[in-house]
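I have placed the structure first, in the form of structure tokens, so that the comments after it can refer back to it.
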Amino acid sequence: MPPELLTPQEMTEADRLAIAAGPHDGHALMRNAGAAVAMEVLRRFPDFARTAVLCGPGNNGGDGYVVARLLREAGIAVRVFAQGKPRDGSDAALAAKECPVAAEPLEAFEPAVDTLVVDALYGAGLARPLDGPAQAAALRCRDAGATVVAIDLPSGVAGASGSTWERSFEAALTVTFFRLKPGHLLEPGRSACGETVVADIGIPASVLDEIAPKTFANVPDLWRKAFPQPAHAQHKYSRGHAAVFSGGPASTGAARLAALAAARVGVGAVTVLAPGNALAANAAHLTSIMLKRLDDDDEGEAFVAAHAPDAFVLGPGYGLERPVRGRVLALLARMERGALVLDADGITAFRDAPERLFDVAKEARAALVLTPHEGEFGRLFPDLAGEDALSKLDSARAAAERAGGVVVLKGPDTVIAAPGGRAAINCNGSPWLATAGSGDVLAGLIAGLAAQRMPAFEAACAAVWLHAEAATRFGPGLIAEDLPSLMPPLLSELL
Ligand SMILES: NC(=O)C1=CN([C@@H]2O[C@H](COP(=O)(O)OP(=O)(O)OC[C@H]3O[C@@H](n4cnc5c(N)ncnc54)[C@H](OP(=O)(O)O)[C@@H]3O)[C@@H](O)[C@H]2O)[C@@H](O)CC1
Ligand SMILES: [K+]
């Protein structure tokens with residue numbers, strides 16, 4: 001899957017540029033789009049005796065008329081149910097004219113289990129909630145358990161955000177064109193799409209040079225070139241040094257999970273920095289990972305000065321009893337390079353004064369990486385979290401800009417955003433990751449990669465992908481302790 005994602009506006013621009021460059025005009029692109037959908041229908045659903053194609057008034061409907069014609073030509077029983085008429089002279093009007101199946105009103109559509117439904121009501125052009133007849137059709141399909149193939153997007157799903165207005169169609173398969181849109185990967189759109197296929201309809205990749213998309217699917221091709229490759233001449237510290245702050249004696253496990261993850265992702269040396277009363281608990285469980293006593297800020301400064309770790313993790317199991325903010329701000333100001341990954345309690349500690357963190361991050365040489373779940377995100381960015389008009393992508397992007405750092409907004413559709421507007425949506429998420437300690441491992445993976453000089457945005461994207469891929473491959477029964485040791489085979493594949 002190519003990494004670029006296009007907003008509906010960017011997709012319109014891609015169409016325009018492709019038509020201008022030739023040889024395909026809009027009608028040819030529509031015929032190619034319809035043919036791609038018809039081919040998927042015939043290939044994947046050969047057992048349906050009947051097909052109902054629901055056509056809207058725009059170009060999405062135009063694609064539907066092409067599908068209806070091709071399926072009829074292939075000998076399938078096809079009925080067309082239309083909402084509105086294509087505008088005179090449009091490509092969709094031409095496609096409707098070429099379609100030998102007479103259109104019936106959408107209100108007459110009754111789904112049945114033996115009838116495959118092709119949803120060509122609305123795609124990228126949907127600008128407001130589905131109206132009554134379209135909503136009723138979506139509901140009837142759900143109630144009847146009909147199998148739906150959606151063209152471009154299930155009608156009712158917004159391409160830019162994945163949000164759904166009222167009831168949307170729910171597809172078993174969605175066929176989209178040229179590149180995915182954010183709405184295919186962001187929930188609830190992603191679940192509504194079922195399986196998603198991207199079809200080539202003759203738009204050349206060169207149109208992307210002009211469009212310069214800033215949103216990506218988080219696939220290895222997005223960051224593979226920046227992934228750390230060990231060299232023969234390296235020693236342990238030149239392979240990077242990551243340090244993880246431990247919580248008190250009763251909450252040391254989170255830091256060790258992060259430390260082990262950093263080590264497994266290839267960093268040369270890892271140190272756990274623990275308060276004196278937590279040294280014994282940590283020492284009992286650490287072997288290759290170093291342990292250093294750290295009780296107050298002076299010692300922290302001295303350690304950073306002497307060893308200059310390339311990346312830090314602060315937050316997992318850290319607690320909120322000890323002063324956190326001063327330590328974070330001093331560390332960030334002092335680091336020469338690399339990244340400070342702030343997770344969990346490290347994020348919560350700044351709930352009353354996020355601007356203090358952001359001001360320092362904007363001046364820092366090291367990158368700040370924040371890894372909030374939705375709840376933690378709301379503590380640092382209450383206005384962004386409470387704004388319904390913003391998608392998860394918009395929120396993460398605005399937060400990264402405001403924070404002057406990389407924001408990893410976690411969830412089933414984790415979004416990674418950097419200042420400047422670059423953002424990636426993760427697409428290999430796994431329900432098995434919803435387990436205690438999994439976030440600690442992610443923080444450690446990010447720090448481990450950043451310590452090896454991978455730029456912070458790429459490090460965060462790669463870590464999110466590795467974390468999810470490990471969980472997906474492991475499957476049921478996964479606990480956070482399993483995750484670090486699942487890295488080696490994934491690294492072998494990537495390298
Ligand atoms: N461009 C190309 O070359 C190619 C494009 N392709 C295909 O085109 C699709 C995009 O086409 P599109 O832009 O015409 O948008 P589409 O989704 O059909 O809807 C627009 C129409 O719906 C109407 N409308 C909107 N919301 C509504 C609502 N809630 N309830 C009722 N009506 C509503 C709106 O009316 P208006 O807002 O003007 O009143 C307008 O008439 C794309 O998804 C892909 O399938 C492919 O063929 C490849 C080549
Ligand atoms: K559709």
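Cβ atoms are placed via backbone N, Cα and C, with glycine included.
What you see is a predicted model, and the numbers here were worked out from it, not measured in a lab.
The domain 'YjeF N-terminal' annotation in TrEMBL covers 11-209.
Secondary structure at Ala124 ((6S)-NADPHX binding site), as computed by DSSP, is coil. Proximity of Ala124 ((6S)-NADPHX binding site) to non-local residues of its own chain (separation of 6 or more, Cβ distance below 8 Å) is seen for Pro8, Met11, Thr12, Asn60, Asp152, Leu153, Gly159, Lys181, given in sequence order. Feature annotation from TrEMBL assigns (6S)-NADPHX binding site to 59-63, 123-129, Asp152, Ala254, Gly317, His373, Asp440.
Counting Cβ atoms from all protein chains shown, Asn60 (K(+) binding site) has 26 others lying within 10 Å of its own Cβ. In three-state terms derived from DSSP, Asn60 (K(+) binding site) belongs to a helical segment. The K(+) binding site annotation in TrEMBL covers Asn60, Asp119, Ser155.
Sequence annotations record features per position, and here TrEMBL assigns domain 'YjeF C-terminal' to 219-494.
Among the features that TrEMBL reports, AMP binding site is placed at Lys410, Gly411, Pro412, Asp413, Thr414, Gly439. For Lys410 (AMP binding site), the same-chain residues lying six or more positions away in sequence with a CB closer than 8 A to its CB are Thr371, Pro372, His373, Glu374, Gly439, Leu442.
Calculated from their C-alpha atoms, the gap between Asn59 ((6S)-NADPHX binding site) and Asp119 (K(+) binding site) amounts to 13 Å. Cα of Asp413 (AMP binding site) to Cα of Ser155 (K(+) binding site): a distance of 21 Å. Here the C-alpha separation of Gly62 ((6S)-NADPHX binding site) and Asp119 (K(+) binding site) works out to 12 Å. In this view, the densest Cβ surroundings among the binding-site residues Asn59, Ser155, Thr414 belong to Ser155, judged by other Cβ atoms lying within 10 Å. On the backbone, the CA of Ala127 ((6S)-NADPHX binding site) and the CA of Ser155 (K(+) binding site) stand 11 Å apart. Note: Pro412 (AMP binding site) has non-local neighbours Glu187, Gly429, Pro431, i.e. same-chain residues 6+ apart with C-beta under 8 A of its own C-beta.
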